């Protein structure tokens with residue numbers, strides 16, 4: 001009888017855990033820009049996207065420190081090796097890590113604290129292409145669409161401007177004040193540069209400690225759409 005009870009308990013636990021299991025998230029990445037971009041994802045790789053094209057990736061639950069971005073001004077050979085003006089990742093079409101600055105980032109971590117996904121748009125690495133990030137969930141606890149669609153490149157401060165993009169102050173000067181490192185790690189605040197970026201894109205991270213107005217959540221198991229220029 002004890003064995004029967006134990007088997008019943010194990011079976012019940014198995015059903016419970018199966019119900020808690022969170023599936024991989026699907027990310028549909030679409031280019032609505034009037035020019036070609038080379039989408040990059042870590043994890044995920046990379047894909048050339050002409051205007052109107054979509055690339056779909058699957059990302060495992062529990063993935064952290066993940067990001068999606070657009071590369072511009074790229075040229076790759078038949079083996080997938082080449083260079084990009086912005087967002088380049090070690091000269092590879094299929095990215096195996098993070099890209100070079102400047103690049104507008106869609107960042108996320110899946111199935112974290114309280115079974116939530118955390119997602120944001122970041123300008124901490126600067127800006128190259130407008131983008132939006134939209135969860136598919138209709139859960140009222142899900143923030144919904146976030147976007148950075150301003151034409152920052154045309155308004156970029158002259159000392160941050162580079163071909164095809166606009167660097168952040170941290171990327172340009174690499175000082176504790178702008179990067180929130182060293183003695184400034186726990187005390188740094190907005191600067192004139194970060195206020196410029198925040199004014200252009202209020203929902204995006206403008207510097208490393210800009211969490212309060214820039215991090216959003218959805219229930220785990222949500223799928224997402226990332227759209228460049230839309």
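The backbone N, Cα and C atoms fix where each Cβ goes, and this holds for glycine too.
Here is what Swiss-Prot records for this protein:
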DISULFID  33-229  disulfide bond
DISULFID  74-84  disulfide bond
DISULFID  89-95  disulfide bond
DISULFID  142-218  disulfide bond
DISULFID  148-201  disulfide bond
DISULFID  156-166  disulfide bond
DISULFID  170-179  disulfide bond
DISULFID  180-188  disulfide bond
SIGNAL    1-24  signal peptide
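The structure, with features from Swiss-Prot marked on it.
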| residue | record | Cβ neighbours (10 Å) |
| --- | --- | --- |
| 33 | disulfide bond | 20 |
| 74 | disulfide bond | 21 |
| 89 | disulfide bond | 23 |
| 95 | disulfide bond | 24 |
| 142 | disulfide bond | 18 |
| 170 | disulfide bond | 24 |
| 179 | disulfide bond | 19 |
| 188 | disulfide bond | 20 |
| 201 | disulfide bond | 23 |
| 229 | disulfide bond | 17 |
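In this structure, residue 218 (disulfide bond) is part of a beta strand by DSSP. Taking Cβ-Cβ distances under 8 Å and a sequence gap of 6 or more within the same chain, the neighbours of residue 156 (disulfide bond) are 127, 165, 166. Put simply, residue 74 (disulfide bond) is 18 Å from residue 229 (disulfide bond) when counted between their Cα atoms.
Put simply, residue 188 (disulfide bond) is 23 Å from residue 148 (disulfide bond) when counted between their Cα atoms. All protein chains shown were included, and the count of other CB atoms within 10 Å of the CB of residue 84 (disulfide bond) stands at 26. Nearest Cα neighbour of residue 179 (disulfide bond) among the listed disulfide-bonded residues (84, 89, 142): 89. In terms of C-alpha distance, the listed disulfide-bonded residues 33, 142, 170, 188, 218 place 33 closest to residue 95 (disulfide bond). DSSP gives residue 142 (disulfide bond) a coil state; it is part of no helix or strand. When the disulfide-bonded residues 148, 166, 180, 218 are compared by the number of other C-beta atoms lying within 10 angstroms of their own C-beta, 180 comes out lowest. If you take the CA of residue 170 (disulfide bond) and look 10 A around it, the disulfide-bonded residues you hit from 33, 142, 180 are 180.
Of the recorded residues, residue 74 (disulfide bond) and residue 180 (disulfide bond) place their C-alpha atoms 31 Å from one another. Taking the C-alpha atom of residue 89 (disulfide bond) as reference, the shortest distance to any of the disulfide-bonded residues 33, 142, 188, 201, 218 belongs to 33. Residue pair residue 180 (disulfide bond) / residue 84 (disulfide bond) shows a Cα separation of 28 Å.
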